[in-house]
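As written in TrEMBL, here are the features:
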ACT_SITE  ASP12  active site, nucleophile
BINDING   ASP12, ASP14, ASP177  Mg(2+) binding site
Amino acid sequence: MKFTNKEVLIFDLDGTLIDSVPDLALSINQMLKALNMSAFSTEVIRSWVGNGAEVLTKRALSGNIEINPELDPSFVTKALTIFLDFYEKNVCVDTSVYPHVKATLESLYSSGYRLMIVTNKPEQFVRPILEKLGLNNLFEIVVGGDSLPKRKPDPMQLEYVCDKLSVAPSKCLMIGDSKNDIFAATAANMESIGLTYGYNHGEDINTHGASLVLESFADILGSLEPTTVVAR
Ligand SMILES: O=C(O)COP(=O)(O)O
Ligand SMILES: [Mg+2]
């Protein structure tokens with residue numbers, strides 16, 4: 001299938017553009033050590049990423065994707081502060097850009113698409129990571145998981161981008177690796193692409209109602225008919 005009349009491409013960050021799990025896992029395990037708790041493997045922590053820093057912290061303290069309802073809120077706050085302090089130091093140590101991402105984004109940008117990021121990662125980390133990886137200048141708006149009262153799977157971040165740009169959801173396309181991206185897009189009346197190589201809590205991205213599912217980031221180029229955009 002080909003998408004027509006798209007002008008704005010909204011990308012998820014973690015698991016879509018970058019593999020940030022090595023640094024997230026390092027920082028989570030440093031936090032657990034500081035709290036005298038046991039570490040988890042990178043693979044286990046990978047399945048916990050996608051709902052923002054606070055949920056990730058709670059999952060680590062619970063030792064499970066299902067959060068323990070009896071976690072003490074002040075302990076969570078303390079742990080979250082420790083995690084964010086470590087992550088700030090580790091933010092781009094072993095984080096890498098997935099294959100084909102840079103060249104594909106540059107090609108989409110040159111074709112005239114407007115590129116945005118809507119992530120559940122706290123906003124403070126996003127621009128520094130993009131800068132370090134040489135992607136920062138490509139993105140017009142970055143919305144983080146703590147930028148607004150609600151985050152994906154809620155559509156609020158996507159609606160914010162549409163409002164800010166005065167563009168209808170039908171002209172936008174959400175591209176992500178997780179059901180949170182697909183559910184947010186659907187709730188915002190936006191079409192979506194699901195990518196198979198990301199995290200998605202170990203679940204199959206085919207089962208969440210994405211308009212299209214792709215295996216490689218490079219395949220995005222062939223899925224777009226550049227009908228209304230003007231090359232830069
Ligand atoms: O940090 C997270 O929880 C995941 O962020 P994402 O929305 O970019 O996948
Ligand atoms: Mg993601």
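Cβ from N, Cα, C; glycine included.
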Quick one: among the recorded positions ASP12, ASP14, ASP177, which has the most Cβ atoms sitting within 10 Å of its own Cβ? ASP12
I need the CA-to-CA distance for ASP12 (active site, nucleophile) versus ASP177 (Mg(2+) binding site), whole Å please. 7
Which of the three DSSP-derived classes (helix, strand, coil) applies to ASP14 (Mg(2+) binding site)? strand
So, three-state DSSP: helix, strand or coil for ASP177 (Mg(2+) binding site)? coil
Surrounding the recorded Mg(2+) site, with Cβ no more than 8 Å from the Cβ centroid of ASP12, ASP14, ASP177 and those residues left out, we find LEU13, GLY15, THR16, LEU17, GLY50, THR119, GLY176, SER178, ASP181, LEU195, GLY198, TYR199
